[in-house]
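K.L.:
So TrEMBL says this about it:
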- A:62-85: transmembrane segment (TRANSMEM)
- A:97-116: transmembrane segment (TRANSMEM)
- A:142-167: transmembrane segment (TRANSMEM)
- A:179-202: transmembrane segment (TRANSMEM)
- A:208-229: transmembrane segment (TRANSMEM)
- A:241-262: transmembrane segment (TRANSMEM)
- A:274-296: transmembrane segment (TRANSMEM)
Amino acid sequence: MSESLPAPPSSAPASAPAGVIHDIGYRHYDGPRLSRGHATLALTVHSLRGVFGLGRTVRAKIIPFALFGIMMLPAVVSIAMMAMLKERGMAYSQYTVIMQAIPAIFLASQSPYTVAPDLRFRVLPLYLSRPVTIRDYVSAKLAAMTAALFLLLAVPLTVLFVGELVVDMPGPAQTSEYLASLAGAAGHAVLLAALGVAIASFTPRRGLGVAAVIAFYLLSSGVSGALVGMMESVGDDAAAAWAWLISPFFVVDAAIHVGVFGLDPAADSYPGGFGVAAAILIMLGLIALSVTALILRYRKAASR
Amino acid sequence: MNGVIAGISYRSLLGRRRVWLLVLLPVVLLALAVLLRVIGADGERATVTLLQTFAIGTMLPLLGVIAGTGVIAPEIDDGTVIHLLSKPISRPVVAQTKFLVAASVVAAFAAVPTFAAAYLLVGLESGVASGFALAALVGGVAYAAVFMLLGVVTRHAVTIGIIYAVIWEGVVGNFVPGARRYSVQQWAQTVADQVSSSVFLTTDIGIGFAVSALVIVVVGAVFWAGRRLRSFSLTGDE
């Protein structure tokens, strides 16, 4: 049947070359090649911008900036109180614990963004075809989330401190409380980021990741609150003091604000003596567990 | 109601990792109830507090978010909803079926464990168990309808849902009494108060307002979700 068809007009004699490669001016890259560290840093900055919705659609910016705005409100109110009534509003070390719902929602809504799309669209091999290793990838994502949370927690504290200096409250400025609360903010940021990114990385679906992270927060704080109430109702104050440590926010408060800096606790009481060491151990243990889970998760994801 | 769509929705809701979250929440409630019983703090007052703060206040909205958005949002997210919407099935029927699936899952995972936890602690005393089970049932149905609608309307359904549940119902409701009138949890507790004669449960909304609000929210959300699906446009996001 094919013989009956006329030969296509473009068919050349067999002796002509079958194909030609034209030089259309592509050039090799011969500039400097930056190291693995630069690639990791670039990934960190990219993820950090993405957490706040920079470089994404306008709709992606609404939620992080709205939460950031709510987080700033108590600082603004406190400055107004200091200026007009000469009274202190919220204590530095209790700021994060009192506002804990906001960083928790921020963590839940933004940490799936850092990990879920890469898992869902299976682009991990593209990252790993660069000098970036799994450890670099995981640490870049963790660093980005930690930095974002630290900004969310530390900027209101700093604004509050600057406000206190400008208003010029009677008595010495609470510089040491401010610095201790910054250390606490760093502790909160590291622990929450590790937990949130680790939980979110187990599902490639963003919606389920958000639900899982917020379920973890609500469950831990709900169980902690319920247990504290129960133990206090039967008069077991020592057990109630331990029950506070189930909530991640109070663990960091007990470990850093109370344990290291000796400030007033945000909860009623924490277990004394051995309890401080336990709070620090719980905090470090949770961070180590989350990072290990993340690395194992990504080893598996990268091998698929 | 369409049996095939219902079957597919049940499978996607209960057949994956989502089901572990759905199971975890009631298990924690029952574990807390057992613990209360073991340490001997199982008075009626402690039971009502546990059910109010944990069962209705924490578990119910979370189950509502997971099940309500879970029946439709993942399909919209990965685009397979196109196959569903291109079938000759009326869109309001799709919305109603999805709502029934979500509502039945929330009811099973919330109302039954709530009844079991209360029964474990105080038995059938002064209607606490049946009151809170009914509250979990109607609250769960309302949450399922609202969060399914959110899943159809926006890509950020889960985040907006938890912002409503945590900030509006949790924080604002505690400081601004007027906000409590517009909270599914408070309506559900009013229903519980109506059934139970416990003196430890007090609510400040009339039962007439609560019931009509629940009905309006459920019917309105399902109807609007159906309308919204009729003119649905699948847009890329991020």
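Just so it is clear, glycine is given a Cβ too, placed from its N, Cα and C backbone atoms.
No curator has checked TrEMBL annotations; they are predicted automatically.
Buried or exposed, and what's around them? Tell me for each listed feature.
P.N.:
Outside the transmembrane segment (A:62-85), and at least 6 residues removed from its termini, the chain residues within Cβ reach (under 8 Å) are 51-53, 95, 98-99, 102-103, 105-106, 109-110, 152-153, 155-157, 159-160, 163-164, 167, 169.
Same-chain neighbours of the transmembrane segment (A:97-116): 47, 50-51, 60, 63-64, 67-68, 70-71, 74, 90, 141, 144-145, 148-149, 152-153, 188, 192-193, 195-197, 199-201, 203-206, 209-211, 213-214, 217, 221, 249-250, 253, 266-267, counting only residues six or more beyond its ends whose CB sits under 8 Å from a CB of the stretch.
When Cβ-Cβ distances below 8 Å are used as the criterion, the transmembrane segment (A:142-167) is approached by residues 43-48, 50-52, 67-68, 71-72, 74-76, 78-79, 82-83, 90, 92, 95-96, 102-103, 106-107, 110-111, 114, 173-175, 178, 181-182, 185-186, 188-190, 192-194, 196-197, 291, 294 of the same chain, each at least six residues removed from its ends.
Residues 134-135, 138, 142, 187, 190-191, 194-195, 197-198, 201, 241-242, 245, 248, 251-252, 254-255, 258-259 of the same chain lie 6+ residues outside the transmembrane segment (A:274-296) yet bring a C-beta within less than 8 angstroms of a C-beta in it.
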